[in-house]
Amino acid sequence: VGNYKRTVKRIDDGHRLCNDLMNCIHERARIEKVYAQQLTEWAKRWKQLVEKGPQYGTVERAWCAFMSEAEKVSELHLEVKGSLMNEDFEKIKNWQKEAFHKQMMGGFKETKEAEDGFRKAQKPWAKKLKEVEAAKKAYHAACKEEKLAISRETNSKADPALNPEQLKKLQDKVERSKQDVLKTKEKYEKSLKELDNATPQYMENMEQVFEQCQQFEEKRLRFFREVLLEVQKHLDLSNVASYKNIYRELEQNIKTADAVEDLRWFRANQGPGMSMNWPQFEEWSADLNRTLSRREKKKASDGVTLTGINQTGEQVSQPNKHSSSLSVQSNTVQSVQSSYNPFEDEEDTGSTVSEKEDNKIKNVSSYEKNQSYPTDWSDEESNNPFSSTDANGDTNPFDEDAPPAMEVRVRALYDYEGQEQDELSFKAGDELTKMENEDEQGWCKGRLDNGQVGLYPANYVEPIQ
């Protein structure tokens, strides 16, 4: 009696499982949305970088095809998110609302109906069971009393001090006890027989209510199976024709990359096949712009152009292709550190991964396709320390006379690539000799260990202790 509680509890569990399944689908939909957004951001950022970068021709189009693939896959994952929330989630929500009806006093109508059905089916049998238990108890008590009476009678026979009248009372007590045992036994057997006769009907009524609960649970289990199959269809992109077309198109775009065609285009537009502008005789004109000296150029802007900045302590050197120019004030030293950690938790830093990647990947390309190249040229071997003029000390590579200074060994703090022929190029950590002190524009004269002499920004180095 009362062991139907587990079956009734299953109804409440069914309602809770609907909530669990909805939460599960909702979380997956959120993941699909975030993934789609990240694909879009990635595609947009890299498409701009490739288009502005030095890659050209059919290989550029093949590379950009990956970004197009990401955009299309992003759209498909947004469709997956929409299907999960608008179809699957709503379907479970509506089915739950139709299958489970809340009562004013709490609980569900279906739970109360199952509870009442089991209790009603069990009530007649439970009443007879209670009678059986009472009859059994009375019978056992009579048996106990009979045994006690017989024991007293036996003991009294061995006691000579007991008078006949008392012995007679004990014998009568034994007789009554035997009669009570017979009566209670008969009643116990009768109630047990009635219980046995009521058991088939009891079983039938209980099974009828149980089958109703089974049918209700079967609807839920079948519904869950149906929903899970639909979720599987929404998640499985392998059977989506547009998904297959994306990668078929991507393969075609990559296969169309033609090295011969790209080289032919480069020859025609950037090589010997391009339109020429051969030198021609030009009359002198006073209006021609005079050529600014290097020192005058530097005075035009207070900033110093830094390229490829690395900390001395960091031995990670990025190729020049992956460093963009950065302008800082000449009288300050900018300490640039790479703070991006791809394994860092987004929530801990307060910024998204895409923002960090933006800050890092902005330095991918050192120049753009349409970058204008300097036309300054010289046939002087000013960078050759073994030329005759430099070896004899007859020439000074600097436009102005600089005050003499004691030579000092210094160490480069950052990478620097000379922008003009009279400038030095070095890497962070390289050592060189400072030959002259800093001038008013923030430049020093120095000599590399290979003998090359030239200028460099003063705030790019530090004295070696």
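Glycine too: its Cβ is placed from the backbone N, Cα and C atoms.
Range 167-198 is the one annotated as coiled coil, of 103-134, 167-198 (source: TrEMBL). Residue counts for the domain 'SH3' (405-465) by DSSP state, with H, G and I taken as helix and E and B as strand, are 3 helix, 28 strand, 30 coil. When pLDDT values are averaged over the domain 'F-BAR' (1-262), the model yields 90.
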